[in-house]
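Structure first, then comments.
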Amino acid sequence: MVGKDRQSCVLCHNFELKLSVSFFRQMEEKITRLANYSTCDVADALLEIGHPPHGGFLQDITMYVPDIRNTRTSKCVGPAFTIKLVPLSEPVPKLEKHFADAAPEGSIVVVSAPPNTPNAVWGGLMNTRVRMRGVKGIVVDGRIRDLEELREDGLPVFAKGQSVLSARKYTHPSALDVPITINNTGITINPGDYIIADLNGVVFIPKELVDRVLELCKKQVKVDDNVKKDLLNGVSIAEAFKRHRG
């Protein structure tokens with residue numbers, strides 16, 4: 001009986017491993033397809049779906065790295081790894097790992113800071129650590145610092161602002177890989193939701209909507225391509241819209 005139980009456990013483990021490999025392959029395939037589109041394309045698709053609010057646009061979060069004066073664009077796409085920060089006065093449990101050590105390879109780190117805090121919640125040392133771990137990009141609902149170091153690292157970084165102040169006297173992490181709410185938007189990002197960020201801004205896609213978004217993006221981009229061809233041939237924009245957008 002013990003032998004049968006052991007064999008059953010091995011079979012169960014192998015089945016779970018196959019499911020895990022299959023899941024990550026599907027995720028990578030979706031990420032590759034999403035990378036063909038801009039944040040504008042994705043936001044248009046989410047507006048068509050009607051959820052989440054504002055087409056998933058994370059308002060007022062802009063690209064700091066690379067320097068927009070020296071590049072055309074820099075895009076990152078991946079699943080969200082979330083970090084929730086709270087005021088230092090708020091008691092929190094001790095985390096098992098520093099959040100920079102916990103960020104998984106291939107993820108987009110999304111940091112939620114308390115509203116109106118003057119300090120930076122992301123800087124050069126944390127950036128170097130997550131870059132070495134294979135993180136694809138950083139999105140900060142708050143302030144960053146060490147811009148020279150961040151730009152030397154080259155990892156795409158998006159934030160609401162900058163500061164010279166460290167977090168030490170102001171904020172600390174309360175939880176990792178949990179739902180976070182982006183300040184002033186009402187948008188909640190769950191772990192594993194998809195993030196796409198480029199020169200235009202940052203958009204999140206609820207993971208259950210990504211297939212529908214990809215389907216709509218493909219259709220919408222084809223329509224826009226046809227409109228542009230007409231415009232390049234001297235057709236008025238009103239006529240081009242009428243032909244292709246109806």
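Using N, Cα and C of the backbone, Cβ positions are placed for all residues, glycine too.
Whatever TrEMBL says is automated annotation, not expert-curated.
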Among ARG133, ARG143, ARG145, which residue does TrEMBL annotate as binding substrate together with GLY123, GLY124, LEU125, MET126?
ARG145
Within 10 Å, the Cβ with the most other Cβ atoms among the binding-site residues LEU125, MET126 is that of MET126
Taking only the residues the record lists as binding substrate, namely GLY123, GLY124, LEU125, MET126, ARG145, what is the largest Cα to Cα distance between any two of them, in Å to the nearest whole number?
11
Hey, for the substrate site built from GLY123, GLY124, LEU125, MET126, ARG145, who else sits with CB inside 8 A of the CB center?
ALA120, TRP122, ASN127, THR128, ILE144, ASP146, GLU149, LEU150
What's the number of neighbouring CB atoms sitting within 10 A of the CB on GLY123 (substrate binding site)?
18
For GLY123 (substrate binding site) and ASP146 (Mg(2+) binding site), what Cα-Cα distance in Å is obtained after rounding to a whole number?
5
